[in-house]
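Now, the feature entries from Swiss-Prot:
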- 13, 28, 38, 42, 104, 150, 227: substrate binding site (BINDING)
- 102, 173, 196, 197, 198, 199, 200, 201: ATP binding site (BINDING)
- 227: active site, proton acceptor (ACT_SITE)
- 230: site 'Transition state stabilizer' (SITE)
C-alpha cells in the first residue's frame, strides 16, 4: 500500500498589477507575472523537499502547462497520475490587483474534462480542489482527508455532511469552516478537524477537545502557506508522529514559506525539529 494520493490543482496564476480596478473600460498593466501554484502544486513542491512519498492526481492542458510539468518533474515529482490533455489549456487564474482590491478570472480548462480515478491503494487520500470527489470517496477504504478549500460551494448541504462524516479528517480555513457549519447545521465537527486562520494560527478539534496552535509572526506573500502547512501535517503522519506534532510542523513550514517564498524554501529536517522543540516550549503543553 502506498502512503498518499493528493488530488488538487496544478494552477498557473497570472498576477496582473494595476493602479486601480476599473468597473469597465481599460487600465494600464504595471507588471505581469506568471506563477506556478495550485493546491496540489504548492503542496508537492514542499512535500518533495522533505521526501514525503505521494502521488499527485490532477489534470492539465498541454497548451499551457509544459513548462510547469517540466519544472516539477526536474524536482523529482512524479506526474504519472496527472492527466495531460494535448489540445486543452488551463487551469489558469488571472488575478488583477491594485494592492488593496483584487479580481480573479478562473479558467478551469482541463480540470473540467477530467474524470479522476484512483490507480492504487493508499493509506491516505487527500481530496482538495477539483471535481466533486464524493462518489470516489465513498468507494475507497483509505483514510480520507476532506479539504474542499475555496471550492466548498461545489458541494450541497447533504454532500458536505456526508463527505465530512466518512472522512478521517477535514481541513478548512476559518471562512470555509463558517460556511461548512452554516450549510450543514453542525455546531461542532464529527471527525478530527483542522481550522487554519492565517496570522491567528490554527486549531485542532479532536476527541471532543480543541487545541490551539499560534502562528509564528511572518512578513511576506501568504500564497501557498496553507498548502505548505498540509505538507507539515503529512510529514508527521508519514513518520508516525502525532497529529499535534503535524500541526507544529505545518505552522513552522508555513512561516518559512511566507518569509522566503516556496521557490526559496530551504528548511531541512534537522532545523525543523529544533524549531519544533522551541515552539513546544513557548506555546504548547502537548505534542
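Including glycine, each Cβ sits where the backbone N, Cα and C put it.
Nearest Cα neighbour of residue 104 (substrate binding site) among the listed binding-site residues (173, 196, 200): 173. Counted within 10 Å of its Cβ, the other Cβ atoms near residue 42 (substrate binding site) come to 25, all protein chains included. A gap of 15 Å separates the Cα atoms of residue 28 (substrate binding site) and residue 102 (ATP binding site). For residue 201 (ATP binding site), the same-chain residues that are 6 or more apart in sequence and have a Cβ closer than 8 Å to its Cβ are 212, 213, 214, 215, 251. For the binding-site residues 13, 199, 227, counting C-beta atoms within 10 A of each C-beta gives the highest total at 227. Residue 196 (ATP binding site) sits 18 Å from residue 38 (substrate binding site), taking the Cα positions as reference. The binding-site residues recorded for this entry are 102, 197, 200, and the Cα of 197 lies nearest to that of residue 227 (substrate binding site). Residue 102 (ATP binding site) and residue 13 (substrate binding site) are 13 Å apart (CA-CA, integer value). It is 17 Å from the Cα atom of residue 198 (ATP binding site) to that of residue 42 (substrate binding site). Rounded to a whole number, the distance between the Cα atoms of residue 230 (site 'Transition state stabilizer') and residue 197 (ATP binding site) is 14 Å. Comparing the recorded positions 200, 230 by how many other C-beta atoms lie within 10 angstroms of each C-beta, the top residue is 230.
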